[in-house]
Structure formats: C-alpha cells, structure tokens
Amino acid sequence: MFHNLMERFEVEKMKMSENGEQGKKEEHVLEGKQQQQQQLGGVRTMPFILANEVCDRFGVSGFHANMITYLTQVLNLPLVKASNTLSNFGGTSNFTPLIGAFVADSFAGRFWTIIIGSIIYVLGMVMITTSAVLPQLRPPPCPTQENCQEASNKQLSVLYAALLLTSLGTGGLRPCVVTFAADQFDMSKMKTESGSWNFFNWYYFCMGVASLLALTVVVYIQDNVSWAWGLGIPTIAVGLSVVVFILGSSLYKKIKPGGSPFMRVAQVFVAAVKKRNVVGPPDPGALYTNRELDANISTNGRLLHSDQFKWLDRAAVVADSDMKESSKPNLWRLATVHRVEELKTIIRILPIWAASILHVASHSHLGSFTVQQARSMDRHLSPSFQIPPASMSIFSTLTVLTGLPLYERLFVPLARWFTGNPVGVTCLQRMGIGFGINIFATIASALIEIKRKAVAADNNLLDKPTSIIPISVFWLVPQYYLHGLAEVFMSVGHLEFLYDQSPESMRSTAAALFWIATAMGNYMSTFMVTLVHKYTGEKRNWLPDRNLNRGSIKPINVISETGISDEDVESANNTKPLSNDAKEDKQVELVRT
C-alpha cells in the first residue's frame with residue numbers, strides 16, 4: 001500500500017512538473033506573440049498605407065471629378081438626370097461601407113477587406129474605361145447640345161454596372177483604410193496630446209495632394225486629350241495602389257476581428273426588451289461580466305458602467321434561464337456590461353453623426369451644377385489656355401492642403417492659449433466652426449449665381465446654353481474656398497470624433513457611419529433636386545435639363561423683393577404682355593436702370 005502511494009505521488013509530481021513546464025512554455029509563447037505584435041506597425045508602415053491611399057484617391061478623384069461632363073457631354077444625359085445619377089451613385093458608395101465594416105469586424109479583418117474591396121473597385125473602373133474606348137458603348141457625339149440622342153438602355157446598363165462595382169469596392173475601402181492606419185499606432189497614448197490630431201490631419205493632407213493631382217492632370221487629359229486616357233490613368237493608379245499595399249503586408253499590425261458588432265448590438269437590444277419588466281439591482285457591480293467572453297473585443301480594456309440609458313442595463317441582469325447547459329450565457333437573453341456599454345456609446349454618437357447629413361447635402365452640388373456653371377463662364381488663363389470646368393475643385397483642395405498645416409501650427413497653439421486644451425478645441429467645437437463656415441459658403445454660392453445670370457441677361461445669352469458668358473470663372477472661387485475651409489474643420493473633426501468615441505471593436509463601423517452620413521446627404525440632395533425639377537413647371541423650371549441660364553437662382557427672385565411687378569414691366573415696355581422669359585430679361589433691365 002505504501003509502495004502504491006509512493007508511485008501515485010511520483011506520478012502526480014511528474015504531472016505537476018509537466019503542467020508547470022507547459023504553463024511556462026505558454027507564457028513564453030504569449031510573451032513572444034506580444035513582443036512580435038509590438039514590433040509590427042508604427043511609422044514604417046505609413047509609406048505603404050499612405051502610398052496606397054494616395055494612388056487610390058488619385059484614381060477615385062480623377063474618376064469622379066469630371067463625371068458630370070462625361071454623362072452630359074459623352075452619354076448626352078439631361079443635366080438633372082445626370083446630377084441625380086451621380087448623387088444616387090455617391091449615396092450608394094457611402095452606404096456600402098456599412099457592409100464592408102460588417103465583413104471586416106465580423107470575420108475577414110481590415111487587411112483582407114481592403115484588398116478585396118480594391119480589386120472589385122479596379123474591375124468597375126476597367127469596365128467604364130472600356131465603355132469610353134468602344135464607340136458602340138456610347139451614343140453619337142452632340143457638340144451643339146440640342147436634340148441630342150441619349151445613351152440607350154444597353155449603354156446605360158454598362159455604366160450602371162461599372163458604378164455598382166465601384167460602389168461595392170468603395171464599401172471595402174472607406175471604413176477600413178483610415179482605421180487600419182490608426183491601428184498601426186497606440187492611439188491611447190495620444191488622447192491628451194496633439195499627436196492623434198497630427199495623424200488625422202496629415203492623413204487628410206495626403207489625400208488632398210492626390211486629389212489636387214487628379215483635378216489638374218487627369219481632368220485636363222479628359223477635356224483635351226481623350227476620355228479613354230482620362231479614365232485609363234485613374235484605373236492604372238488604383239491597380240498600383242493594390243500592389244503597393246500588399247508589398248507592406250509583413251509589416252502591418254493586423255488586429256483580429258472580434259465578431260459582428262451589429263449582432264452584439266441586436267443581442268443587447270433583444271435581451272433588454274425581453275427583460276423590460278425586470279428590476280435592475282441597486283448596485284451596478286451585480287450586473288453580469290465575463291472577461292473571457294469579452295477578451296477579443298476589449299484588448300485595450302473593458303468599458304465601465306455608465307448611468308445613461310439605464311433601461312439597457314436590464315440586458316445584464318442575471319436570471320436562471322439565461323445560462324445554457326454548458327454554463328455559457330444565452331447572448332439573446334444575457335449580455336455583459338461591456339456589450340451594453342458598446343450600444344450606449346453608439347446611441348450617444350448618433351445625434352452628432354446625424355448633424356452632418358445636412359452639411360453634406362448643402363455642398364453636394366459642387367460636383368454637378370457648379371461644374372456646369374463653370375463651363376458657361378470665361379475660363380481663360382491666357383489666350384491659348386483655359387481651365388477645365390471640373391478643375392475648379394482644386395481651390396477647395398488647395399484650401400484643405402493649406403488649411404490643415406495652418407490649423408495645426410497656428411490655430412491649435414492660439415486656441416490652446418485661450419482654452420487650455422492640449423489639442424486647442426474639442427472635436428465638437430471644431431465641427432461647430434465648420435458648420436458656421438458652411439453657412440457663409442452657401443450664401444456665397446447663391447450670390448455668385450445671381451451675378452452670373454445677370455451678366456448673361458445683359459449680353460442676351462440666356463437662351464444660348466453653349467455660349468460663354470463674359471464673366472470670369474474665378475467668381476466661383478469664394479464658394480470653393482469656403483467649402484474647403486469648412487471641410488478642414490467639419491469633416492476632419494467629425495471623422496476623429498467618431499473614431500475617438502467608438503469602442504475599439506466597432507471602429508470600422510464608426511468609420512462606416514461617417515460615410516453613411518455622406519450617403520444620406522447625397523440622397524437628400526437628389527430628393528430636393530427631383531422635387532424642384534418636377535414641381536417648378538416646364539416653361540420656367542428652376543433646374544432645366546439643358547439650359548442652366550434659364551434656371552434658378554435667378555435675378556427675378558431678387559427683383560420680386562424690390563416691388564417691381566409684371567405690370568411695371570409691361571408698362572415700361574409699353575407693348576402687349578410679354579412672355580415669361582422676356583419678362584425676366586426686362587426685369588433685369590429695370591433693376592439696372
């Protein structure tokens with residue numbers, strides 16, 4: 001018996017020794033993985049990520065900047081239809097990031113989502129470039145822009161398929177690229193410093209440089225060389241962006257996906273509804289927590305309980321029926337405090353997020369109607385050279401490029417002196433300043449259109465849509481400048497606010513929210529344009545299909561406030577009643593007099 005006890009003791013001792021050695025090995029493996037993870041990422045990954053983004057933004061900007069010209073001048077679509085097509089396409093492109101965020105956060109991870117999205121985007125650009133090369137995929141040219149043959153349904157189907165592919169590709173890129181770049185740094189160390197602001201500002205700065213190149217080089221080629229080359233060059237650039245991004249794959253810090261955030265949000269909400277009659281404990285410490293369950297979604301620490309939206313806390317109240325036979329919680333009946341707080345965080349973000357929708361709607365016309373305005377104005381820099389209409393966007397881009405460094409080096413130190421905040425102003429204050437500037441940008445747009453229409457009336461050009469109005473295109477610069485300045489404050493501040501306030505496991509989703517606000521702004525713009533075009537009549541439509549000179553905003557709107565009526569016009573003319581268009585011309589003359 002004693003001999004058997006000794007043998008059992010030796011066996012247990014050997015097992016303990018083996019377990020101890022195995023535990024040490026696991027600790028060494030874990031430490032090795034942590035050290036390897038710490039060695040990945042950092043500044044050395046930025047050349048690959050930013051080079052990818054520069055090539056991608058160069059291609060995307062070159063593709064979109066002059067698309068209104070391609071639709072109206074090459075495919076011969078009416079202006080309103082072309083504008084709505086672009087707005088709807090922009091809206092779809094900004095909704096698909098929600099799908100990309102779901103894929104990235106659920107199972108694919110940001111790295112692979114970016115690669116797959118880029119490949120799909122390239123396929124879409126190859127398709128639309130092909131349509132520009134092959135004559136059978138576009139209608140006959142119509143230089144007079146009168147009685148033009150529109151693109152057929154077959155030709156439009158190629159366009160829509162290409163736009164759909166680019167929209168799907170965009171869904172994989174937009175929610176992941178900026179968050180993937182931010183993942184390469186320890187952003188938690190930058191919360192109280194201007195370092196995180198540096199990252200987002202300079203990220204936006206690099207995107208501005210790429211857009212500037214596209215708005216000058218690519219747009220010039222599209223207007224003066226050919227659309228085949230004008231669309232082919234952006235396609236090549238986007239293809240190169242994929243190659244550059246893959247070359248740096250061994251250096252990236254790749255955070256594993258922690259499961260679908262949408263599923264977790266739904267589970268918390270359903271659990272709270274099922275327990276709507278349950279009374280929560282007076283001590284929040286009694287609510288359900290599970291470190292092991294939340295390990296993959298709380299690598300930087302778990303969220304603490306908050307007193308807001310207490311009705312959601314019911315989802316974390318433990319009941320006997322909440323546990324399965326395997327002692328694991330039924331997540332549709334029981335959620336951890338961390339998961340409840342994730343949902344609370346998203347709810348807190350939503351009001352600020354929604355405020356940006358109208359901001360987008362107010363300047364969505366810059367890529368359509370404002371380009372058509374520029375086309376009708378004097379764009380000559382010299383007798384032999386004139387600015388392409390779509391290149392006018394460079395003034396917004398230049399404002400962003402100069403505004404971001406000035407913001408960082410001049411505005412932040414000055415604001416810090418007043419506020420005592422290390423980053424100058426908070427994200428919300430920065431966004432508020434952007435909203436204020438955008439109001440003045442919209443006012444400038446209206447005043448400049450009134451001026452353009454008045455000059456057209458003075459020169460009897462209201463009924464000549466293809467004629468050049470003798471007014472410099474640089475009258476449009478103030479509105480481009482103000483919109484660019486608003487973006488320096490509003491867009492960058494909004495993007496950082498969403499990243500900073502969202503839980504670590506939902507940052508791709510937060511980035512997707514940024515683009516969804518843009519999508520809803522584009523759709524709202526389409527809705528307003530459609531209503532105005534449909535209900536303002538055929539004879540004096542505010543947004544006519546072919547002749548923007550007969551649209552609004554027009555001098556008659558301002559003249560009506562001066563007290564000059566239709567009868568005054570007819571009396572001054574001393575003739576029979578005038579037509580609507582003739583009345584408008586005469587009213588302009590009366591105001592001048």
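The backbone N, Cα and C atoms fix where each Cβ goes, glycine too.
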Inset, instruction - Select from 536-564, 565-593 the stretch of residues annotated by TrEMBL as region 'Disordered'. - result: 565-593
Inset, instruction - Give me the stretch from 202-221, 227-247, 385-407, 468-492, 512-532 with the greatest number of Cβ pairs under 8 Å to the transmembrane segment (111-137). - result: 227-247
Legend entry - Contact set, same chain, for the transmembrane segment (468-492): CB under 8 Å, 6 or more residues outside the stretch: 200-201, 204, 356, 359, 363, 366, 370, 373-374, 376-379, 387, 389, 392-393, 395-400, 403-404, 407, 430-431, 433-435, 437-438, 440-441, 444-445, 448, 451-452, 455-456, 459, 461, 549
Legend entry - Beyond the flanks of the transmembrane segment (385-407) by 6 or more, those residues with Cβ under 8 Å of it: 65-66, 68-69, 201-202, 204-205, 208-209, 211-212, 215-216, 219-220, 222-224, 366-367, 370-372, 374-375, 379, 473, 476-477, 480-481, 483-485, 487-489, 492
